[in-house]
Structures are given as C-alpha cells and as structure tokens.
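As structure tokens, the structure follows; a few thoughts come after it.
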Amino acid sequence: MTQPKKLFIKTYGCQMNVYDSERMSEALGGEGYVTTDRPDDADMILLNTCHIRERAAEKVYSELGRYKSLKAEKPDLKIGVAGCVAQAEGEEIMRRQPMVDLVVGPQSYHRLPELAARAGAGAKALDTEFPEEDKFAHLAARPKAARGPTAFLTVQEGCDKFCAFCVVPYTRGAEVSRPADRVIAEAHDLVKRGVREITLLGQNVNAYHGHEGGLAGLIHALAEIDGLLRIRFTTSHPNDMDDALIAAHGECEKLMPYLHLPVQAGSDRILKRMNRQHTAEEYVRLIERLRAARPDLHLSGDFIVGFPEETEEDFQATLDLIDEVRYGSAFSFKYSTRPGTPAAERDQLSEEVKDERLQRLQALLVKHQRAAQDAMVGREVGVLFEKPGRFAGQMVGKSDHLHAVHVAADGIAPGDLRRVRIVESGPNSLMGELVTL
Ligand code: 5AD
Ligand code: SF4
C-alpha cells in the first residue's frame, strides 16, 4: 500500500482563513493527503497568509526562510503560499523565494487539487484570478467525520467599502454572498457531525444578500435547525446593520448576545479620512438601538491608532467613544501602511506616537474588558462546553457572551449547553457552577 502524502497547513490572520484552511485540507484529502502538525514530516507545506498589516505579510517570508533547509533535505517537498499575501504579491513570491512551488489566491482554492498536481509534476503553479464560479461549491464536499461543538461557516466574502487603510477589497475582491440553500445545507451537515454553534463569517458579513431579508433572514432560517443551539456572526460594518438585523438580536434566542462591530476611530475628521462613511455619533446611536433590542449585548470592536493626520485631540475622541460604549472586548492596532491603499500615500505619524497611543488605548480597553468580565459574577449564563479545562476535573466552554468559563466536570460532556452561575472572575476566564433545576 502506498503511504498517504502528508500536508502541513499553517494559518495566519482572521477566522475566514481558519475556515479556508479546513476546506483546503479537505479538498486535498481527496487527492490522498492527510494532515500533519509537523512541517518536517510533510510532503506539502501550505501557508495560508494574511496581508492586513505589514508585520503579518513579513511573517510569511521569514517562515518561508525557515523551510529552506527542509527543502534542501527533501527536494520532493512542495511549498505553497495561499491567502491574501498570495493574492497581493502573486509571482513576486516565487521571485523572492524560488523554492515556492505553488501560489494560490483566496478565490481559487477550488483549483487547488489541480495546482497541487501540477506542482507535484515539477511545474510552478500560480492562480490569483477572481473567477466567476463559487469556489466553495466546487471544493470537495465536507467529509462526514465527527467534529467539535463549534464551527465557522463562511457565507460572504470580499468588501466594497474601501476604507482608506484596508487591503481587503483588493485581496479578497468585491462582495459576494453564497446562496442561502448551500449555506443551510452545510449548516445541517455540520450539526449532524456534532456542531452546536455556528459562527457565520464574512469580511463584511452583515452585507450578506444571499437570502431574502439579508443576514437576518439567514439567521432566522438557520435558527430553525434542530440541534443547532447557537448562532454568531462576524465581522460587520455599522452601515450594513439594518433594522431586521438589529431586531433579530431581541427576537432570535439562538443569536448570541455578543457583537463585533468595529468603529476604528472616534473622531469624525479621522472617520471621514478613513472613508468609513459614518460619524461617531451615528455609531453610538446604533449601539443604543442594539442594546435596546438586547440589553445584555456585549460589544467588541477594532481600533486603529496613529492613522495619518491623527492629532492628540482626535485620539482623545477615540478614548471618549470607548468610555461611552464600554466594550466587553476589543482588538487594537497601530496603523500600518499597505501598498495600493489611499492612506499609504499620506504623511505618516512617528512610531513613537503610535506606540504611546496604542499603550493608552489598550490600558483603557483592558479596564473595560475587566469590568465587563467581573460584572458577570453572580449572573446565570448559558455555557457550551468544549473540552477539559486547564486543571484536572474541570471542563471549559464559552458563555453566551463569549467568556471562557471553567466548571467542575462532573456529568458534563463536550457539546453540552448548560446553565451556569458565575462565581468568580479570574485573570482570563470565569469560574462557574452548574445550575441544577
Ligand atoms: N493598519 C492597521 N490596522 C488595520 N486593520 C485593517 N487594515 C489595517 C491597517 N492598514 C485592522 C482594522 C480591521 C482589522 C481586521 O484590522 O481595525 O477592522
Ligand atoms: Fe476593510 Fe472592513 Fe473597511 Fe472592508 S469594511 S475595507 S474589510 S476595514
């Protein structure tokens, strides 16, 4: 019997890449590959890359450098670059790192088996087209193996917003929604395999238009699936938060009270220069409407500090907005120039200013995050258990609000959704006790 070939995939960046990596390894499974978690054991190494900030893109080249000696020892080893760096840099990658055999952009993953075969035959293979067909429809059907209680499901890709700092509209292309019937069929399939919580993914997921009534329509349809207990979605743009989706946060019990809704900055002048197409006030009013629909909603956001022309006063407006919204969690970044985006051409702030602002911003975000976590003590929440906890005899799961919660494991299995009373707030997680009825 021939040995199966081994595939090592390393995933960078966002959750959409995590989903894509799963689908790519499934597609290559049909070509006789099994996955390994050791690059030195692999016949093919695939880096699924991220181009969102400069550092993310640089990591790819340093990682490739590390594989040089492996390739020297094992000339049959195939090395591929997928994802947004592949899309943005294309052939340039093979010029900088000639040992790369295969470059595939995010819209061409359905062509991966064919590209892998070409690379296997000793040719260089490159595909960074934006083809018309739905890549997921052409990727191998997902295998039937059992899986953990949570899963990502990409429903939308690309972005038409063109924020002045962002490469996504260039690397992922225009907004495309997957048809609802395919999404619903995939969700049914995931539930049959043990999934209890699905996070719908899209670069601009709330612009989804593959179902009547948009994303809200899709969420209501998915909520009908028996055995699917929880629905989440990410990432959203404030301007695509329509009335039906706001209302769904109050109407749909399976839609969890946690929303990632990036604002990026709190100064109207900077928001305008970022081409965000809304003001800080409009964003805050939107949050109020969401909280009216779902009072215990936890908000999460993304922030950029040191965007070109950001003054201390502009930065202060971001801090004020954070104090007003009181985020339960957040991600924050120093502005990073991205080739081809409008803001890259403007005068840049110094690294010192960016560093100092990032520190102040993060201190404030941590304070609110801490307060939101501590405020859970004494409350009852749903927890979907996933796996054994850090300490013997514990299980850990995620609360409705996405906090990690540890509970004494007695009688709990992965995939169980139980009511839990929170008794303590630790450094990174909550401790709770099962509520017995
Ligand atoms: N510099 C810094 N952060 C960025 N993001 C996107 N582009 C840049 C950039 N050029 C951040 C935004 C976005 C998140 C995914 O990454 O905050 O919401
Ligand atoms: Fe990038 Fe998000 Fe703006 Fe689209 S909405 S351009 S993905 S930051």
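Think of each number as a place in line: the chain as shown, counted from 1.
Just so you know, glycine gets a Cβ as well, placed from its N, Cα and C.
Owing to the predicted nature of the structure, the values given are computational and were not obtained by experimental measurement.
Under the heading domain 'MTTase N-terminal', TrEMBL lists 5-121.
TrEMBL lists CYS14, CYS50, CYS84 with the feature [4Fe-4S] cluster 1 binding site. For the recorded site, CYS84 ([4Fe-4S] cluster 1 binding site), the DSSP three-state label reads helix.
Look at TrEMBL and you will find 145-371 tagged as domain 'Radical SAM core'.
The Cβ neighbour count for CYS163 ([4Fe-4S] cluster 2 binding site), using a 10 Å radius and every protein chain shown, is 21. The annotation [4Fe-4S] cluster 2 binding site is assigned in TrEMBL to CYS159, CYS163, CYS166.
Residues or ranges marked as domain 'TRAM' in TrEMBL: 374-436.
The two recorded residues, CYS84 ([4Fe-4S] cluster 1 binding site) and CYS166 ([4Fe-4S] cluster 2 binding site), show a Cα separation of 12 Å.
Taking a Cβ cut-off of under 6 Å from any atom of ligand 1, the binding-site residues CYS50, CYS84, CYS163, CYS166 reduce to CYS166. The two recorded residues CYS166 ([4Fe-4S] cluster 2 binding site) and CYS50 ([4Fe-4S] cluster 1 binding site) have their Cα atoms spaced 12 Å from each other. Take the mean position of the Cβ atoms of CYS14, CYS50, CYS84, the recorded [4Fe-4S] cluster 1 site; other residues of that chain with a Cβ within 8 Å of it are TYR12, GLY13, MET16, ASN17, THR49, HIS51, ILE52, ALA56, GLY83, THR171. Cα of CYS14 ([4Fe-4S] cluster 1 binding site) to Cα of CYS163 ([4Fe-4S] cluster 2 binding site): a span of 18 Å. In the three-state DSSP scheme, CYS159 ([4Fe-4S] cluster 2 binding site) falls into the coil class.
Cβ atoms within 8 Å of the centroid of the Cβ atoms of CYS159, CYS163, CYS166 (the [4Fe-4S] cluster 2 site) belong to the same-chain residues LYS161, PHE162, PHE165, VAL167, VAL168, PRO169, GLN203, site residues excluded.
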